[in-house]
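TrEMBL has this to say about the protein:
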{"type": "TRANSMEM", "residues": "B:33-57", "note": "transmembrane segment"}
{"type": "TRANSMEM", "residues": "B:77-98", "note": "transmembrane segment"}
{"type": "TRANSMEM", "residues": "B:131-156", "note": "transmembrane segment"}
{"type": "TRANSMEM", "residues": "B:168-188", "note": "transmembrane segment"}
{"type": "TRANSMEM", "residues": "B:208-232", "note": "transmembrane segment"}
{"type": "TRANSMEM", "residues": "B:262-283", "note": "transmembrane segment"}
{"type": "TRANSMEM", "residues": "B:295-320", "note": "transmembrane segment"}
{"type": "TRANSMEM", "residues": "B:340-359", "note": "transmembrane segment"}
Amino acid sequence: MTLLTAAFLTALLAGAITAGIPLLLAGLGEQLSEKTGVLNIGIEGMMLAGAYLGFLVAWKTDSVFLGFVGGAGGGMLVAAIMALLCVRFGLNQIVIGIALTLGAEGATAMLHYFQFAQTYPRLGAISSLPIPLLADIPVLGPALFNRPPIVYIALLLVAVFAYVYRKTYWGIALQAAGDKPAALDSSGVSVLGIRSVAVLLTGALVGLGGGFMAIVGAGIFVPFMTNGNGFIGIVLAMLARGRPLWVLGGAALFGACLSLTTALQVAGVDIPTDVIQMLPFAAVMGVLVMLGRKANLPSALGAAYVRGAR
Amino acid sequence: MSVEVQDPSADGQAAAKNNGLASRRLLTDRLQLIGLSIGPLVAAILVASLILIAMGVNPVDYYTYIVNRGLLSPSGIEATLTRMGPLLLIAAGLIVAFRAGIWNLGGDAQFLLGASVVAALAPVLTGYMPVWLVLIVTLVIGAIIGALWSLVPALLRARQGVNEIITTMMMSFLGISFSNVLVKIFFLDPATNVPQTRTLPVEDRLPRLFDTTISSGVLIGLVAILIVHYVMAKTAFGLKLKIVGANAKAAVHAGLSVSALTIGVFAISAGFSGLSGAVAVLGQYGNVRADWNPAYTLTIVPLVFLARFNGFATIAYVFLFSVLSIGSESAARRLGVPNYFTLVTMAILLILLGITEMLDQKRRESRRT
């Protein structure tokens with residue numbers, strides 16, 4: 001097999017991480033919203049806003065760091081509308097989520113049309129931060145331990161969220177806002193406050209994922225570039241049943257298949273990319289058919305909290 | 001034809017007391033309902049106009065153009081009505097699913113697979129049977145393909161309670177790719193270099209209405225919505241679905257076979273999406289190109305919600321959406337406003353409709369107490 005050279009494997013693994021990080025951030029973000037009882041269908045839009053604003057800021061300021069801040073900010077901007085309409089005012093989460101996705105798709109595509117459609121500016125390659133010793137491991141080293149810092153931060157977030165959910169007061173409060181909002185309310189904690197913060201943080205995480213796609217992944221912003229990644233994030237969050245580590249596993253699986261698609265194309269293997277794109281979904285469906293367990297979602301998921309309504 | 005009044009429980013007792021009063025109530029309620037739809041529409045156009053002004057486009061010109069192209073010009077209204085056919089069928093399927101509390105979000109794959117299988121079969125079948133029979137057979141096949149694609153999510157939900165939002169979305173991604181594989185490898189038209197299926201000749205497609213280019217697909221869509229509306233409102237089956245949707249546990253206690261109903265609902269809902277794909281191919285496109293995906297489902301979901309699953313309101317919203325999308329497609333070419341602007345307008349409209357509905361609900365609650 002000429003395919004299985006070290007260079008090919010490195011490229012495959014590196015590509016899997018590049019494709020998987022946005023999915024990971026989207027899944028972690030969605031998981032946070034869902035824990036508190038907000039079914040956040042709008043993350044595709046938040047991701048796209050993050051990709052646009054992240055690219056714009058990185059391009060204008062020439063600073064990758066500010067670009068990521070811009071990406072998180074773009075996601076939060078859309079999330080703020082969601083928090084206001086769905087958490088404060090209790091509007092239908094599905095309708096508003098889809099509206100925000102459509103709106104962000106339209107708005108970013110129009111902004112791109114007026115700003116970049118003639119020139120298509122590109123960002124330069126961004127510098128990576130090799131981790132001593134680990135970066136020297138063959139294949140694994142260059143693919144995983146010689147990457148931009150944002151990659152390490154995203155992976156660390158998995159551990160941070162796992163700790164917060166399991167060990168801290170905040171983790172319990174988040175869970176309670178989704179499972180027994182009335183009980184949380186009567187213990188003197190603001191359900192709407194917790195949910196609003198969670199939705200805003202979701203926006204920041206997902207927006208960061210979008211920013212990653214534009215700044216690290218593509219180096220360019222194109223309309224609709226998130227291409228369903230936000231929706232895959234929703235699927236990952238639901239499959240993970242509240243566990244951040246499972247989101248990581250899912251993002252790795254989907255990222256690997258996306259990477260395999262491009263790698264085989266580059267290697268000149270003549271299979272339509274659609275066949276490989278089917279793999280992760282087919283695999284997860286297969287697992288679901290065999291295990292067939294309930295999704296274990298928070299009981300108040302999707303329902304607006306109105307004090308005294310139940 | 002009667003317009004169904006929303007949330008009749010609020011007015012039920014008054015109606016029982018006095019017929020005259022009730023009918024006056026009905027009238028004001030109907031007027032309010034219309035106001036509730038028109039108000040946000042006007043507000044959305046105003047907000048969108050501000051954006052247009054910021055872009056340096058005269059909003060009056062823009063909207064005049066849209067109404068002219070999407071509604072008033074003969075070719076525009078024909079395109080609008082033709083587009084409504086597939087959209088209404090998707091809406092009909094969503095109404096059934098949502099009423100029963102089932103989140104079938106996999107409509108895009110059900111639509112596409114129905115479309116590509118029908119596009120592959122129809123031109124071949126015309127060699128073996130009369131055109132009218134081909135049309136009937138392929139419409140049925142489209143519906144069956146759509147329904148089959150929902151079978152796994154249906155069984156998982158009915159037997160094991162696996163959340164169907166996950167499974168239908170996964171099957172949707174899977175099906176969109178699978179449809180592409182079918183078109184690119186198995187259904188390829190050998191006569192062209194473009195990756196697409198064979199093309200059904202115009203004379204073999206669904207008949208056009210009168211002397212226009214309007215496809216009779218719109219009639220199929222209208223009939224489907226009206227049947228769904230009637231079945232949901234008047235029949236025992238519709239009532240059963242509503243009970244399952246409102247409270248599945250109570251439905252079990254009431255002796256309903258929830259798992260059989262669940263599988264049935266999936267099949268009906270996905271069947272309508274598959275039928276929609278068949279109608280789009282047989283009435284309008286004639287073939288399926290590789291990577292084609294109009295992704296109608298996501299725009300129809302909120303419309304069905306805002307119509308509160310009411311068939312007539314759904315028809316109105318779908319009509320509005322079709323005018324807007326047909327009109328803005330040509331406005332993009334003529335006025336330099338990118339087509340993406342429709343997405344922004346849709347978002348504003350959905351948000352304002354949502355806010356209006358919330359305010360209306362608060363008003364109802366305060367009236368009740």
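Heads up, the Cβ atoms here are built off N, Cα and C, so glycines get one too.
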Maximum Cβ pairs under 8 Å to the transmembrane segment (B:262-283) among B:131-156, B:168-188, B:340-359 is reached by B:131-156
Other parts of the chain folded back onto the transmembrane segment (B:33-57), taken as Cβ under 8 Å at six or more residues beyond its ends: 3, 5-6, 63, 313, 316, 320, 335-337, 341, 344-345, 348-349, 352-353, 355-357, 360
Using a Cβ cut-off of under 8 Å, list the residues of the same chain at least 6 residues beyond the transmembrane segment (B:295-320) that approach it. 1, 3-4, 6, 33, 37, 41, 80, 84, 86-88, 90-92, 94-95, 98-99, 105-108, 111, 222, 225-226, 228-230, 232, 273, 276, 346, 350, 353-354, 357
Decide whether the stretches the transmembrane segment (B:77-98) and the transmembrane segment (B:340-359) have at least 3 CB pairs under 8 angstroms, with pairs required to be 6 or more apart in sequence. no
Lying 6 or more residues past either end of the transmembrane segment (B:131-156) yet within Cβ distance under 8 Å of it, the residues of that chain are 104, 106, 109-111, 113-115, 117-118, 121-122, 125, 162, 164, 167-168, 171, 175, 203-204, 206, 220, 262-263, 266-279, 281-282
